[in-house]
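Colleague: As annotated by TrEMBL, compositional bias 'Low complexity' applies to 29-57. Residues or ranges marked as domain 'Major facilitator superfamily (MFS) profile' in TrEMBL: 88-485. According to TrEMBL, the feature region 'Disordered' maps to 1-66. The transmembrane segment annotation in TrEMBL covers 86-106, 126-146, 153-170, 176-200, 212-233, 253-273, 309-328, 348-368, 380-396, 402-422, 442-462, 468-484.
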Amino acid sequence: MVSEDPNPQEHGGGTPAQEPALRADRSASGHPSVSAHPSVSIHPSVSAHPSSSAHPSTLAQPGGLVHPSSSCPEDLSVIKVSKRRWAVVLLFSCYSMCNAFQWIQYGSINNIFMKFYGVSAFAIDWLSMCYMLTYIPLLLPVAWLLEKFGLRTIALTGSALNCLGAWVKLGSLKPHLFPVTVLGQVICSVAQVFILGMPSRIASVWFGANEVSTACALAVFGNQLGIAVGFLVPPVLVPNIEDRDKLAYHISIMFYIIGGVATLLFILVIIVFKEKPKHPPSRAQSLSYALASPDASYLSSIVRLFKNLSFVLLVITYGLNAGAFYALSTLLNRMVILHYPGEEVNAGRIGLTIVIAGMLGAMISGIWLDRSKTYKETTLVVYIMTVVGMVVYTLTLNLEHLWVVFITAGTMGFFMTGYLPLGFEFAVELTYPESEGMSSGLLNVSAQVFGIIFTISQGQIIDNYGTMPGNIFLCVFLTLGAILT
């Protein structure tokens, strides 16, 4: 067991009852639901919405706090942070990265897998879209499981499914075994539902109030880094060659590497990952332990959220933007190869550029929002620049100068994917005191739905009419998002 030491900024000798207000503490914690990929924590118990038993404002006052039962071993008046917290968040970030890699590993070399398995481009696209499809029905069940069984169980399940899916794919190294690789990818897509909802929960349970945003960003960036590596590595490991036996050998190298990495990470999760630290790391978390209720109603929370017109508009606009990013990522190889035959490696590098630029945009937008709190204005500016970036990228894709495509794709990615954490922050502001995880989860469902719609429709347009009409199709919907904003 790793020893624990007090955080001098958190250990003030106070008790949870001395917390003046939940909203103030939530603001001090730094909105732990910040995310750059399609998903965030499902943590209704830390929400401060009123319940039939008590109101947060009264519970936060001295004498109004319902103290935990004697069965709880923690002394909630002791505020300490554990040294293990960095190992936990780093480990989560690594297996999230592994899972995200497996999402895009087929799409980044779409044409090569088409040739190897003898299937259509649409069939390969579904290997990416199944990630989007499984998230929609499994969001609420996994949210319930997280509340019922806790972090360690969800972490073990997610990393185990990720590992299992990676090894199943090794049974698909023959051209007639495409259904096996589909099965492996579906298993990985289920693992993703157990992974994407974890960052803000890990941050709030393990980290002090002054570390929550940093920890959540680190957890989220693991997923984004996995997408970036998924664009970069497969084109290098799997060259575009005609001999299927040699191609199977190169594909097997990629599958064995990811299988080995996923196995190692699963073993480390078993050893390192704990449910929670011995002592609460912040007063807000201490209070959430005392107020946690197993009777949280997801349905009633969703009904209240959909009565909020501003939030409904945000759900639509966020889905349009994030869905366009998912479609663009899935179809990027096809778009680039159409204009630059044989440039699979550079197609992956263009995808890498989009993701890295988006991560930079996410960091800058987060800093800007912390200082200005201008959510609506910033959202509008980012949306307009996303439309402009998409138009410029579309018009320069066929100029036969790859360096121009790198620049325009990076500019578009800076705004398009940089908007993702801004959307989650905006949702928290619009829906307080509802669960941050529930509002963010609904944003992700919208993103997955639009991602499937855009990928299918844009793919068909590209096949029939070319890349430019396909991208103009996305521009129209991004413009609609700007108008609704």
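Note that the numbers count up from 1, one per residue, in the order the chain is shown.
The backbone N, Cα and C atoms fix where each Cβ goes, glycine too.
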Colleague: Per-residue pLDDT averaged over the domain 'Major facilitator superfamily (MFS) profile' (88-485) comes to what?
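Modeller: Averaged over the domain 'Major facilitator superfamily (MFS) profile' (88-485), the predicted model reaches a pLDDT of 86.
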Colleague: May I ask which of the stretches 86-106, 253-273, 309-328, 402-422, 468-484 has the most CB pairs under 8 A with the transmembrane segment (348-368)?
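Modeller: Out of the listed stretches, 402-422 contacts the transmembrane segment (348-368) most.
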Colleague: Test the contact criterion for the transmembrane segment (468-484) and the transmembrane segment (402-422): 3 or more CB pairs under 8 Å, pairs 6 or more apart in sequence, then answer yes or no.
Modeller: no
